[in-house]
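TrEMBL annotations:
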{"type": "DOMAIN", "residues": "14-125", "note": "domain 'Gamma-glutamylcyclotransferase AIG2-like'"}
{"type": "ACT_SITE", "residues": "GLU92", "note": "active site, proton acceptor"}
Amino acid sequence: MAEGLKDDAKPHLIFTYGTLKQGFHNHKLTQDLINHDDAVLLGPYITRHSYPLVCGPYGIPYLINLPGSGHQVKGELYSVSTRGLARLDELEGTSIGHYERLPVDVMNADDDIVSVEAQAYYAHRSFGPAMWERIGKAGLSEFTEKEAKGYVKRQDRPCQGRAILEDVRHFVSGM
């Protein structure tokens, strides 16, 4: 397991692959967690197995829980407190079925010998596989600046009164 990576104050290992990474729009939350001692960056990591990583509506990145499809995904690993985890869950919409936090095996990107079990935010199972189909089963190995240019911030999205899940359903159905 990841005994040297987590401590009692920050017991949750979270693998980030999209906008929570350094240099991307939602990293301000990750940085706030670090500033308030609710998270520690452990470094660059990569998934042990391949997974689909796609951009959905508004350029939002989604990891899809279909191990063996897609590519190994590059990201960052954080050790997070329970309080910090609650803030991440809120941002990712776990309570409304936007993302779900599930286990993922990751390896240090510089030394891919030992894998550790962390958790990642996956597209909710109610739409993730359909999104993979809709994208044409063409995924990414990393969310980069190129993909980030297509990301639309919440406040800049059209139809502010509409829930993100409705936009996801429209996207998946091709409407």
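Glycine is no exception: its Cβ is also placed from the backbone N, Cα and C atoms.
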Rounded mean pLDDT for the residues that make up the domain 'Gamma-glutamylcyclotransferase AIG2-like' (14-125):
93
Using DSSP, what is the helix/strand/coil residue split across the domain 'Gamma-glutamylcyclotransferase AIG2-like' (14-125)?
26 helix, 50 strand, 36 coil
Excluding near sequence neighbours, so keeping only residues 6 or more apart in the same chain, what lies with its CB under 8 A of the residue listed as 'active site, proton acceptor'?
HIS98, TYR99, ARG101, TYR121
